[in-house]
C-alpha cells in the first residue's frame with residue numbers, strides 16, 4: 001500500500017517550528033500543526049487513501065499538546081510497527097536566543113504558567129531531551145534568519161533540482177483591460193508587428209500557427225525573445241535564493257489576443273524545456 005512521506009516537526013518553543021512548517025508547505029507538503037500524537041497514524045492512513053494522492057506530510061507536534069504530547073513515544077513505536085516511515089526534524093536554539101525571541105514577540109511560553117522564562121525554557125529542553133535523541137535532523141536556529149532557515153529546509157526536504165522549487169505562471173493580457181494585479185514581472189510587447197492589421201489573421205489568436213509565424217517572422221521578435229528569456233533564466237535562481245516559490249510573468253499587447261499570446265506560449269515552451277514548472281494562461285484571449 002502507498003504510504004506518504006511523513007515528517008514530524010518538533011523542538012523547543014520559539015525555535016522556529018512554525019516557520020519550518022511554512023517552508024515545508026512551500027515545498028508541497030501537506031502541513032498540520034499541533035496535531036495530537038494519537039491521531040498521527042490515522043491521519044497518515046487517511047492521506048494515503050485520499051482520492052488525490054498526498055505524497056508528503058509534515059506534522060507539527062510539541063509540548064503545547066500537554067498530556068497528549070506525553071503519548072508521542074508510544075505512538076511512534078506503534079507507527080513503526082505498522083510500517084509507517086517517518087523522519088523527525090528537531091529545532092532548537094540557545095537559551096539566550098529563546099529568551100530574546102519571547103521578549104520581542106511578547107508571546108507567553110507554553111509552560112509559562114509557572115516560573116521565570118529562562119527556567120521554563122530549560123524545563124522544556126530537559127523534557128525534550130529523549131525526543132531530540134531520536135531526531136533524524138537537528139537544526140539550531142540561534143544565528144539563523146528566516147530566509148536561512150527556509151533555505152536549510154529546502155536543502156533537506158526539497159527536490160534536488162532548482163527548477164522544481166519555483167512554480168512559474170506566464171500570463172498574456174491586453175493593456176486595454178488592465179495589468180494583472182498579481183504580476184511580478186510585466187513586459188510590453190506592443191512594439192512588435194501586429195497581426196490585427198492583417199485581415200486574414202485578425203480573427204485568429206496567438207495560439208494559431210499562422211499568427212505565431214507572422215509574429216516570429218520579424219527579426220526583432222526573435223532578438224527580443226532571446227534577450228527576454230536570457231533575463232528570465234538569469235533572474236529565476238536569484239528569486240529562488242530569496243525564497244520565492246511562485247513567479248508570475250505578465251506579457252501584454254493591446255488586446256491580449258495576438259502578440260502577447262504568441263510570446264507567452266513560446267516562453268512557456270522554453271522554460272519547460274529547462275524543466276521549470278510552468279503554467280501558461282491567456283487572460284484576455286476571448287474578449288471582443
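Here the Cβ of each residue, glycine as well, is placed from N, Cα and C on the backbone.
Since the structure is predicted, the reported quantities are computational estimates derived from the model, not experimental observations.
A sphere of 10 angstroms centred on the C-beta of residue 18 (ATP binding site) encloses 13 other C-beta atoms. Annotation comment: Swiss-Prot describes 11, 12, 13, 14, 15, 16, 17, 18 as ATP binding site, evidence class sequence analysis.
Residues annotated as GTP binding site in Swiss-Prot, with sequence analysis given as evidence: 62, 63, 64, 65. For residue 62 (GTP binding site), the Cβ neighbour count at a 10 Å cut-off comes to 22, with all displayed protein chains included.
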Secondary structure of residue 15 (ATP binding site) (DSSP, helix/strand/coil): coil
Cβ-centroid neighbours of ATP site 11, 12, 13, 14, 15, 16, 17, 18, 8 Å, sequence order: 20, 62, 91, 92, 93, 141
Greatest C-beta neighbour count within 10 angstroms, which of the binding-site residues 11, 14, 16: 11
Rounded inter-Cα distance in Å - residue 15 (ATP binding site), residue 64 (GTP binding site): 14
Residue 11 (ATP binding site) as reference: those binding-site residues from 62, 63, 64 with C-alpha within 10 Å of it: 62, 63
